[in-house]
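K.L.:
The feature CoA binding site is assigned by Swiss-Prot to ARG456, SER470, SER561, ASN562, GLY586. Residues or ranges marked as compositional bias 'Pro residues' in Swiss-Prot: 317-337. The annotation domain 'Peripheral subunit-binding (PSBD)' is assigned in Swiss-Prot to 351-388 on the grounds of sequence analysis. What Swiss-Prot lists as phosphoserine is SER99. The N6-succinyllysine annotation in Swiss-Prot covers LYS468, LYS542 and is backed by a large-scale study or a structure entry. Taken from Swiss-Prot, the feature region 'Disordered' covers 80-99, 313-346.
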Amino acid sequence: MWRVCARRARSAVPRDGFRARWAALKEGPGAPCGSPRIGPAAVRCGSGIPRYGVRSLCGWSSGSGTVPRNRLLRQLLGSPSRRSYSLPPHQKVPLPSLSPTMQAGTIARWEKKEGEKISEGDLIAEVETDKATVGFESLEECYMAKILVPEGTRDVPVGSIICITVEKPQDIEAFKNYTLDLAAAAAPQAAPAAAPAPAAAPAAPSASAPGSSYPTHMQIVLPALSPTMTMGTVQRWEKKVGEKLSEGDLLAEIETDKATIGFEVQEEGYLAKILVPEGTRDVPLGAPLCIIVEKQEDIAAFADYRPTEVTSLKPQAAPPAPPPVAAVPPTPQPVAPTPSAAPAGPKGRVFVSPLAKKLAAEKGIDLTQVKGTGPEGRIIKKDIDSFVPSKAAPAAAAAMAPPGPRVAPAPAGVFTDIPISNIRRVIAQRLMQSKQTIPHYYLSVDVNMGEVLLVRKELNKMLEGKGKISVNDFIIKASALACLKVPEANSSWMDTVIRQNHVVDVSVAVSTPAGLITPIVFNAHIKGLETIASDVVSLASKAREGKLQPHEFQGGTFTISNLGMFGIKNFSAIINPPQACILAIGASEDKLIPADNEKGFDVASVMSVTLSCDHRVVDGAVGAQWLAEFKKYLEKPITMLL
């Protein structure tokens, strides 16, 4: 129903290097019922089929009286989640939506075989989507028990179960002859009886069953507008309730984790109800945004339409001012009893859900001190939220000492709490990931820029009135050519392989009011300086205005960050994963250098650059070789023509 505003976008996901993390559906005795993500909406296993999420993917509602024609929709509506009590605990891995427009995919290659151990972060398979071939990796340790979709299978619907994984190697044998039909036959027969609702508990149609008594309508949900997007902010609605919508009209502007993207209409209709008001932050993927109807007379029927899923979504209020400081001395807080440690599996492994593991890492919690309340003692999100660290013994003695002088909190009005935007949050997450997982090392060199400045001056005279070529344009061109000479620097770490790219797409760091973003100069190795200059000016302008489209900043094979214009002599930049290198450019300054003349010296404009390398991909000697090629191209710019 919806698409990103740029119709000419080549791709909504990175062309290389993007990995999708799989969401698995826990099954078996005592297994928790998770929420696998299928497209932009989450399927809640506990309630069978969601009341709005999957239907809204096709613009279909139960109140319309129509039958869903979409193949994936029929499959999901006809095959509610069941538990296989005759089998050991296991995980059904569905095919997720790896791009906003993906409906089916092709299993290009399985990277793991049946019986093999899968570690956290291991690549399981490569899936060909409607945009690119995307790596598919594991979030936790397990074993491959059964592959249900063989290599080369085409048009696998999103949401189809593609493999089975187990936690224990001894459980693999139980799935030797496993098929989805066999699992369905083993399901308890009493489960379907839970479908009819009790007559004694009627619910308002607007709350529990939106769409059950309404005219034909389309419920629009928030889709994934970037590969890493998990939620978004509704910045502005461009249409009001009751207004007519024509094909191509801009409906709203959504702030994702990357940029602010226009959200436009593909079909004519009328906006009947806005479910998420302007300014609402952290709207999860799949949440209903609005209701659209085909007939104007149907608008009034949705005046009180309120699905329960969005009742908690409200515009974020400003942070409250600190309360006044009380003169009453603080009362001692009781010390919570030390929780027993979580049960450890083989070799001391602690069983923990991926979400709980992530939250524990963010809060600095030692998982061995947390008591798990999930199935078989597994640590879940609730355990992390309720965890209270144990107090050390000396703390009790310290409490007996007279209280020291208290530091008064800062009075109200002396600070400002700035809400964290989605872009800033993602920048923080990716930079932290880079520093924690990539072994950085740094190489620096000085480059004589005298020849480049002379050539630039002559070229700008020739281009007078048509634009100007900057020193940074020479740097982009020289970097791209050096990547062709030393392709190891134009590579990506893919966990199981090192992907060496055959084209050079240079990401250029641009500072914007919303945060740092890296628009891409595609095929920089074959573009001339004039074209590169034009691309950079256009991309930088769109970045600062927040008008970049996803394909203009997602991907890239090599990054350049230039702080020379701010007078910074040299610095070390953080690698942009999955790339292997980033080049930090400092300011040029005049220095005395030896020269074969009467004075014995000369004054040269020297620029300092630092190359940050991923040591898993680029060894020190290779990084030095790249810098030598880069320096040669800039000190003798005529060699760029060779």
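Cβ coordinates are placed from backbone N, Cα and C, and glycine is handled just like the others.
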K.L.:
Within 10 Å of LYS468 (N6-succinyllysine) (Cα-Cα), which of the recorded positions ARG456, LYS542, SER561, ASN562, GLY586?
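P.N.:
Checking each Cα against LYS468 (N6-succinyllysine), the hits are ARG456.
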K.L.:
So if I measure Cβ to Cβ from LYS542 (N6-succinyllysine) and keep only same-chain residues at least 6 apart in sequence, which ones fall under 8 Å?
P.N.:
PRO519, LEU548, GLU552
K.L.:
Which of the listed binding-site residues (SER470, SER561, ASN562) has the least company, meaning the fewest other Cβ atoms within 10 Å of its Cβ?
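P.N.:
It is SER470 that, of the binding-site residues SER470, SER561, ASN562, has the fewest other Cβ atoms within 10 Å.
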K.L.:
Fewest other C-beta atoms within 10 angstroms of its own C-beta: which of the recorded positions ARG456, LYS468 fits that?
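P.N.:
Comparing Cβ neighbour counts within 10 Å for the recorded positions ARG456, LYS468 gives LYS468.
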K.L.:
Need one number for the CoA-binding residues ARG456, SER470, SER561, ASN562, GLY586: the maximum pairwise CA distance in Å, whole number please.
P.N.:
20
K.L.:
Over the domain 'Peripheral subunit-binding (PSBD)' (351-388), what is the model's average pLDDT?
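P.N.:
On average, pLDDT over the domain 'Peripheral subunit-binding (PSBD)' (351-388) sits at 79.
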K.L.:
Let me check the 10 A CB neighbour count of GLY586 (CoA binding site). How many other CB atoms are there?
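P.N.:
The answer is 22 other Cβ atoms.
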K.L.:
Run through the domain 'Peripheral subunit-binding (PSBD)' (351-388) and tell me, per DSSP, how many residues are helix, strand and coil.
P.N.:
21 helix, 2 strand, 15 coil
K.L.:
Tell me, by DSSP, whether ARG456 (CoA binding site) is helix, strand or coil?
P.N.:
helix
